Amino acid sequence: MKFQDVISINDFGKEEIEYVLKTAKRLENELNERKILQYAKGKILATLFFEPSTRTRFSFESAMHRLGGSVIGFAEASSSSVKKGESLMDTIRTVEKYADVIVIRHPREGAARLAAEIAEIPVINAGDGANQHPTQTLLDLYTIKKEFGRIDRLKIALLGDLKYGRTVHSLAKALSYYDVKLYFVAPQGLEMPRHIVEEISDKLEITETNDLESVIPEVDILYTTRIQKERFPDPAEYNKIKGSYRVDLKLLERAKETLKIMHPLPRVDEISYEVDKTQYSAYFRQVWSGVPVRMALLGIVLGVVE
Amino acid sequence: MKELKVSAINKGTVIDHIPSGKGLKVLEILNLPEDNTILVAINVKSQKLGRKDIIKVEGKILNEDEVNKIALIAPTATVNIIDKWEVVEKRNVEVPDEIVGIIKCANPNCITNYEEVKPKFKVISKKPLKLKCHYCERTMEENMVVKNLL
């Protein structure tokens, strides 16, 4: 299977998702055997981060280096020609002469799709405004598969800012390809948008609630998200909602022993630090999942990994 | 009183069966050159619609983009091409599956509002009208479409 770009999780069917997860697993096994991989030897990745995101950028750079390739790029728009007024289209036309694949993060929605249409080399979306972050969704699925050996037959709660959180929007959509039960747990005012609920509700069972305590004993995975202060049009609204849920040891007394807590990170105060050392925390292993998944995606779009 | 014939111009386009009250809006979105003679009839009796508006444009044949624009706000309209006082072609307007370059995206943060690129939408529902931006993936309902016609 070959695809040219990775722009939106909506472009992926179950077959493509499974193919990425399988390829990531194979590459991770090769890394674990201490092999020095050379799949992308001589290939250059350009990371165009028009807004900062250290974690995602490091993850892509680590993935490219582990594939044997090299990396060029910038970490914020102020260090690029955008500061001089250059259009995104001209930036892409220029950078594609220097690199074999582009990873782009941009504050404007649709920027990655436009970049992919302009560029003759593959483009991977590392986040375009509040729209898409498809590689995060794929690494979330990969983490679930590693933790449980499967995605099917799991009960998964998505907790927190379900209104503005693009990771939970894409994850909910991707999970609708599987036999799972979803719980949308959000403070009042931050519920999952109706269009997403409607889009997937005929494919799987969904429970919507504000009551985290009632959901905790039921679920296999608690996917927690941060309330994103920066997305609130009105700071007063944020102040009303902040701190309205917190995952701590007391809450987890009622959880299944096998419960796994995930989080796209960074966290603020929604997961207590005392949870980190328990068997529940999967969020730092989730960070590692980004590397094999992004290795797989880079390898596939470059045509160097089958 | 004798009813006006739809083809009562020598050469040009007659847009008939516009829902009553939408005629001036159709005229506005077509943004026709000032040297065209334009006749507008509002609230005309119609067997099909009860009441309708009609626009006659002398010396101008509408292109496909212009016809598609009409479909977005006046889906019942018919476009008649007139030559030598006769209707030589009659077309029902239809909302196409894809709309390119005639509506801007209502999402203020969409990249198409910042770069020199034609906005592109996939029509996900024709009735009621619902469009999805090809770039930012945000959906637009009918009331937003009318506000964002280019």
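Placement of Cβ uses the backbone N, Cα and C atoms for every residue, glycine included.
Taken straight from Swiss-Prot:
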{"type": "BINDING", "residues": "B:Cys105, B:Cys110, B:Cys133, B:Cys136", "note": "Zn(2+) binding site"}
| Which number gives the other C-beta atoms within 10 angstroms of the C-beta of B:Cys133 (Zn(2+) binding site), all protein chains shown included? | 25
| Can you check what DSSP calls B:Cys110 (Zn(2+) binding site), collapsed to helix, strand or coil? | strand
| request: Measure the Cβ-based neighbour count of B:Cys136 (Zn(2+) binding site), defined as the other Cβ atoms within 10 Å of its Cβ. | output: 27
| Which same-chain residues, if any, lie at least 6 apart from B:Cys105 (Zn(2+) binding site) yet have Cβ under 8 Å of it | B:Thr112, B:Asn113, B:Pro119, B:Phe121, B:Cys133, B:Tyr135, B:Cys136, B:Arg138, B:Met140, B:Asn148
